Amino acid sequence: MFGCCFLSGFTFHLHLFPEEERRLRANDRAFNLTWPYAKNAIKTSKYNLFSFLPLNLFEQFSRLANAYFLFLLLLQLIPQISAVPWFTTAVPLLIVLSVSGVKDANDDINRHKQDKQVNNRQVKVLIHRELRDEIWMNIQVGDIIKLKSNQFVPADLLLLSSSEPLNLIYVETAELDGETNLKVKQALTVTGEMGDNVDNLSAFKGEVRCEPPNNRLDKFKGTLTVDGQQHGLDNDKILLRGCTVRNTEWCFGLVIFAGSDTKLMQNSGRTTFKRTNIDQLMNILVLCIFGFLATICAIMTVGHAVWEVNEGSAFTAFLPRQPGVDIPLSSFYAFWSYVIVLNTVVPISLYVSVEMIRLGNSFFIDWDRKMYYPKKDTPAQARTTTLNEELGQIKYIFSDKTGTLTQNIMTFNKCSINGRNYGELCDISGQRIEITKVKVDFSWNQLADPKFIFHDFNLMETMKKGIPEAQAFFRLLALCHTVMPEEKKEGKLNYQAQSPDEGALVTAARNFGFVFRSRTPETITVMEMGKKVTYELLAVLDFNNVRKRMSVIVRDPEGRMTLYCKGADTIIYERLHPSCSKLKDVTTTHLNEYAGDGLRTLALAYKHLEESYMERWLERHHEASMAIEGREDKLDILYEDIETDLMLLGATAVEDKLQDGVPHTIEQLAKADIKIWVLTGDKQETAENIGYSCNMLRDEMKDIFVVNANTANEVKEELQKARRKMCPGSVEKLKVIKARAGLFWLQKIQTVPDERVDEEYGLIINGHSLAYALQEDLELELLRTACMCKTVICCRVTPLQKAQVVELVKKYKQAITLAIGDGANDVSMIKAAHIGVGISGQEGMQAVLSSDFSFAQFRYLQRLLLVHGRWSYIRMCKFLQYFFYKNFSYTLVHFWYGFFCGFSAQMFLDTFYWTAINQFFLWGSIAAYFAITFTLFSNGLFFMFTSSFPFIGTARNSLKQPNVWLTILLTCLLCVLPTVAYRFLCMQLRPTITDKARKEGQPAPAPYRPPPRRVSTRRSSYAFSHSQGYGDLVTSRKFMRMKRRQTLFGRKVSPLVKNQPQRYRTITEETEESQT
């Protein structure tokens, strides 16, 4: 009893205070239930069956107009005041509430369906020593679950074991970060030994202590205690909810975080109700109309009192006053009576009419064929119907990079081997020409990747001649990497790479005859032009962010030892042998050209090693590897010692393909004075290259500022230095304009005015510096400097920082913002912006589910904003102008009528009968039109009632007469001509900006020219590596399963490839048809 009381009090205590440490035990639900951990069910819906009616009515009556008409309805129930039946207000109000309620209910039903679909997914859970099928919502913290290939991870798991060697597992994180390249996770050895043995897994009683739930996708700290021994846990051993298991037969995991505690849900951000400026304006207009109505009613009340004093006594003979009603009380009644009579000045149908127009605009977006992507069968979708007109007022766009601007597909584009450039097609004079559809044929290679495309036949000719430098070039690409090969079917290779660019380089070597086939911790097997060669792997000098290079040391079958190295060109050049100076100059020219085309580049080099030197070096390497203190520093010294006097081989150029039309879209949005900020998790070099590829960064810019500081003071100094250079006359301390806005002017706003800059500038800031810049004392300095720049790129930012940047602009610029992304790491940014756009496709659906609009390609954003946004805004403005004009015109008639009826609050017509007559003539005229038309053209009625319809076919005969058509034409001309003449005179005398642009016409399209070259010193393709490589993993002393391999070629002697002419056409030979 005491224990139960203590447990209840302890649980209550945990609810009051935030969780500081998570503690759980495997296979012990009783222990884990003592802690108030979240269940795995998720809920995104707002209502249930019982709460819908009260909550929805509360939300609807929060609208000022609805609350007003409810108050008006109550007034109409008082006989002394109302001269209008109560149902004249009750019926329209009920219709308004019903339409809005049905729409809200339909939206929430869809949320319930999505929640039910996710919560009812099946998964294998280990319960009472057996695997049972359970739905996701029943999973609890501490459960052990089994996953298979292509299954979604239902919660945040600690990986225990897997079917792969070394307890590896491959996961796709497209739902989290939009990247489709597979990530590798590895379980602890102590848990991996359990394998898939259910008895061992059921007996597992490990205890986990780790950090509380948080939104850091790339960080995890904790310990696992098994049999009294502690083992460290990091992010490489955690499977996050939203990931997908790939190329792994099975794996087991222990649930650490469930439901709302998972990192995916923690990054989802807070869902806020988004209102447009039109909504806020309508609320203010309605409030002003209330004041206008009160003023008019007060005037009529005064008039009523004056009239009663001066003229009322003359009418008491046939209109006697009610007993006890004197002039002041009569005036009081008159005031409220006029509130009822003049109620039409406040539009009860305004909100419903606006919603109907927005719904129609949403259909136009859904039906737009120019925003339909046929490759994925994905149309554009307006997921909300309340923000359409806001699309026409966008000032800032915040965009993700990977999967949004780019396709996240890396391709081997060009290379430089021994001073010769490959990958470009040139004419006889050496000028670059357009690449045609002709491509190199790799059908001679049975293990070639059929998706690989290369256009330059000269490289294949070089390989066919057996030039040693070219073979060494691709041998290096086949050996120097940490790629994991997979071959489930003979000859069908699949590479699992830590970064997509590394996979592209290995694939290029594969297609040109150097096929990376398999690896063990001690060996690497390569098929070199059909010959199987096994290299002994002596050491892997792994990549990290400081080294910016990677090396491997191998021994070939002849016993020669060679170091192969690839990395950033500036890093490799510092370690080259002096004899490579001429080759370095030529290669640098090629690297500059590649960087000018927006390609990511690497330099390749090698070095032959002597046996005696290598023996001493390996001994020192072994000692450094075993060191407890200073291990990393000692290894770095060894790496620096051996990576000297390298011989340059050449360079590679990898392209992260942009989506179609991205540069043109960004150019058009910039012309519309829309600023685009890129917020990406990639490194600085990658983001900068993509900025040039998208024409966001240009050589014509006056300067591009890079903020890469380690302290708050350094960040402040760099931001101030950039601001002073852009605007020397700017004040040091900017005055923030404070004002009030919103309904009843209760909202406090702060505005930072724009500062004029004459030239164009760019700003690049990394996540570490951004964390300091977003602090309260530096955020204004960041905002001022960033808003002066034409382009802003934020690198290595977290999902939370993305949302903070958006909130900063919203807070101080009072401008409409739009965020566009494709992964779960963009969800918080999408929810923070006024309008969120999700890119649907191969990168996952998390961003789409949280967005307001979605489509498949970034280029459709131009049409969404500049076409649908503009049209929706114009339609809404014209409708509101007409709507208020109509209401005021109708209401003021009653105002003027009051001067003729003694201010008695009488209506000049009966509203009920007027409404009935109005509806009768509206629907009756439509019915009569169809009935008469049907009668005139119905032969059946003519045969039935021949005597009653003697003029059958009269309409046909009339339309055959020329004078009838002449009469119709003259009538149309007389009706249309005044309007046409008026508009023509307006265009000539008072032309608008649109009229001027239309009169000037569009410039002729420019002929095709090759993209201009630019020089860049930031060219490392390792920009895609977000963490340290897998060198320790691939060299770990653990047995890996091996399969027998067949040779590369089906026969001993095979011709490589036949000579094929390069078919091309020069730029000047383009036909007029192709230009149009």
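Glycine is no exception: its Cβ is also placed from the backbone N, Cα and C atoms.
Where the annotation comes from TrEMBL, it is an automatic prediction and has not been curated.
Here the domain 'P-type ATPase N-terminal' (25-89) has a mean pLDDT of 81 out of 100. Feature annotation from TrEMBL assigns domain 'P-type ATPase N-terminal' to 25-89.
According to TrEMBL, the feature transmembrane segment maps to 84-102 (among others). Within its own chain, the transmembrane segment (84-102) is flanked in space by residues 56-57, 60, 66, 69-70, 72-73, 76-77, 340-341, 343, 348-349, 351-352, 355, 907, 911-912, 915, which lie at least six positions past its ends and keep a Cβ under 8 Å from the stretch.
Counting residues 6+ beyond its ends, the transmembrane segment (284-307) has Cβ neighbours under 8 Å at 64-65, 68, 327-328, 330-332, 334-335, 338-339, 342-343, 345-346, 350, 742-744, 884, 895, 898-899, 902-905 in the same chain. Feature annotation from TrEMBL assigns transmembrane segment to 284-307 (among others).
Feature annotation from TrEMBL assigns transmembrane segment to 327-352 (among others).
Residue density at D400 (active site, 4-aspartylphosphate intermediate): 30 other Cβ atoms are found within 10 A of its Cβ, drawing on all protein chains shown. Annotated active site, 4-aspartylphosphate intermediate per TrEMBL: D400, in sequence order.
The annotation Mg(2+) binding site is assigned in TrEMBL to D400, T402, D822, D826. Neighbours of D822 (Mg(2+) binding site), defined as other CB atoms within 10 A of its CB across all chains, total 35.
The transmembrane segment feature in TrEMBL is assigned to 888-908 (among others).
Among the features that TrEMBL reports, transmembrane segment is placed at 920-943 (among others).
For 964-985 (among others), the entry in TrEMBL reads transmembrane segment. Same-chain residues lying 6 or more positions outside the transmembrane segment (964-985) and placing a CB less than 8 Å from one of its CB atoms are 958.
Summarising the annotation, TrEMBL assigns region 'Disordered' to 997-1023.
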Helix, strand and coil counts within the domain 'P-type ATPase N-terminal' (25-89) (DSSP): 30 helix, 1 strand, 34 coil
Neighbouring C-beta atoms (10 Å sphere around the C-beta of T402 (Mg(2+) binding site)): 28
Distance from D400 (active site, 4-aspartylphosphate intermediate) back to D822 (Mg(2+) binding site), taken between C-alpha atoms, in Å: 8
Pairwise Cα distance for D400 (active site, 4-aspartylphosphate intermediate)/D826 (Mg(2+) binding site) [Å, integer]: 7
Packing count at D826 (Mg(2+) binding site) (other Cβ atoms within 10 Å of its Cβ): 36
